[in-house]
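Data first, discussion second: the structure below is written as structure tokens.
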Amino acid sequence: MAAKALLVLSLSLLILLNSFSSLTFASDDDEDLSFLEEEDDAVPSSDPDPYDHRDFENYDDLEDDEGSDSSGDHHGSSSYSIPAVDEKDVVVLKDSNFSEFIERNRYVMVEFYAPWCGHCQALAPEYAAAATELKGEGVVLAKVDATEETELAQKYEIQGFPTVYFFVDGVHRDYPGQRSKDGIVTWVKKKTGPGIYNLTTVGEAEQVLTAGSKVVLAFLDSLAGPQADKLAAASRLEDDLSFYQTASPEVAKLFHIDPQVKRPALVLLKKEAEMISHFDGQFTKSAIAQFVKENKLPLVTAFTREVAPVIFENPIKMQFLLFATSNDSENLLPAFQEAAKGFKGKLIFVYVEMDNEDYGKAVSEYFGVSGDAPRVVAYTGNDDSRKFVLDGDLTLRSIKSFAEDFLEDKLKPFYKSDPIPETNDGDVKIVVGNNFDEIVLDESKDVLLEIYAPWCGHCQALEPIYNKLGKHLRGIDSLVIAKMDGVTNEHPRATPDGFPTLLFFPAGNKSFDPITVDTDRTVVAFYKFLKKHASIPFKLQKPAETQKPKDSEDIQTQKSSGEDVKDEL
């Protein structure tokens, strides 16, 4: 009997606890948030247009912002003039003929492009020239307007422009090579041909030297055998160079190889300041490949839109950039080129002409270089995007010393920052690079940070909602709503993944990575997110002015009730 009574008592207590718990949670779930929903138009939490973004890894964000429309697209860009291109050998593919064409042709290169894309416009003449040269090789170059053929673009998961695929027997792979005629032709020939070519006559050699901008020639005892096999193996590791071999002393002489030299000998020729690079290592696949990697680039690569992919898609990720005007470069480039000789295969040396109207200002701003004074900036590449600035005079000695310290990781990173605002008492706090630690990494505050770009259409649409959130939460001392211009400011703890990026830094946990805010972009959704994740609990008071006045009928009823009470008393 006692056991039965104890069981009943336990069940009763359990029911009461559950009821209390339900009431407690219901108070949160049933919180009246109607005043937050007023005029709350949601902004899509993800970009509905996969092409409305800028590709930071390849500097696709370096378009002229003045030519961009408010949505962040570049439809209206006038900074890049579209060249007249003869595309007679480029096949236009649509959804209606795509599959049949791919089935009928063994080798097809396809460019998915957008008419407004500046990089597509720059690629067009190179692509057309490559199509003409490859026409007789059994390879077809085609293009698809992805803004028109949207189903094809979705099928092949096109995320940016231009996207170039190479189809072999209907199976496609990415084209990772250079966006130039020579780069495309060389890469395609390697994928469809032997990868290494024999030169047996002076006439053939002269033709190669005239046509090729960058070639490798091996002077061998025989065009077949172990030496040729090692050369062929090394050639397969390089997509953007043509490899040749010869056993003819006359051909070797044309390529600046001593006909009496001990074989095998190898040379790399390019039409740059440093035209000839002689190989002096062991004739092995890995040694040849390393030699080519270290010497195929010019000592200093002049930055252009067309060359940008060559720089930023190179296996050598670390870059060393000279920013100078065209007048200053005459005095500085010789020392910069001389310094580059000691770092081949380790650093890519790049010259950016700051006063170039096409790209100078945009690239300079991207790296945080202001004014027109020459600067040298070291860049780790896109993996961690750290930058370092050389202070002091730019001499051969200082440049070499700075490069050595960069490789040994002895330098302090530089991060872009706008000036710290003189006043910062708005509903939404302004964060810049130099006050980031003070505001965002304050351990006593829960901080919601929006990283935006002024040209981003979705950021502009989010702004009134974000401002409204800041206004409603202004009175909560433990909570900070903040924003940072991600174009002109940087911090190692806040790397944007597109714009806008929303990050939450909980109080007392600032040493950990922030929480990415993945929720609907409404005031209510943001509020609920903060309530759930804030380290310091808070309660939002409903503003008195938002309380709706009761209608006249209710007031009259209350009045009558009041009078009745008085009568009873």
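Just so you know, glycine gets a Cβ as well, placed from its N, Cα and C.
Not measured: the values here are computed from a predicted model.
Quick look at what TrEMBL lists:
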- 1-26: signal peptide (SIGNAL)
- 34-81: region 'Disordered' (REGION)
- 58-68: compositional bias 'Acidic residues' (COMPBIAS)
- 69-193: domain 'Thioredoxin' (DOMAIN)
- C117-C120: disulfide bond (DISULFID)
- 406-535: domain 'Thioredoxin' (DOMAIN)
- C456-C459: disulfide bond (DISULFID)
- 540-569: region 'Disordered' (REGION)
Q: Provide the three-state DSSP residue tally for the domain 'Thioredoxin' (406-535): helix first, then strand, then coil.
A: 37 helix, 26 strand, 67 coil
Q.
For a three-state summary based on DSSP, what are the helix, strand and coil counts in the domain 'Thioredoxin' (69-193)?
A. 45 helix, 27 strand, 53 coil
Q) Where C459 (disulfide bond) and C120 (disulfide bond) are concerned, what is their Cα separation in Å, rounded? A) 26
Q) So how many other Cβ atoms are close to C459 (disulfide bond), meaning within 10 Å of its Cβ? A) 22
Q. Over the domain 'Thioredoxin' (69-193), what is the model's mean pLDDT?
A. 86
Q) From the Cα of C120 (disulfide bond) across to the Cα of C456 (disulfide bond), what is the distance in angstrom? A) 21
Q.
My understanding is the cutoff is Cβ-Cβ under 8 Å with a sequence separation of 6 or more in the same chain; which residues meet that for C120 (disulfide bond)?
A. E111, Y113, A114, F161, P162
Q | Other C-beta atoms that fall within 10 angstroms of the C-beta of C117 (disulfide bond) | A | 23
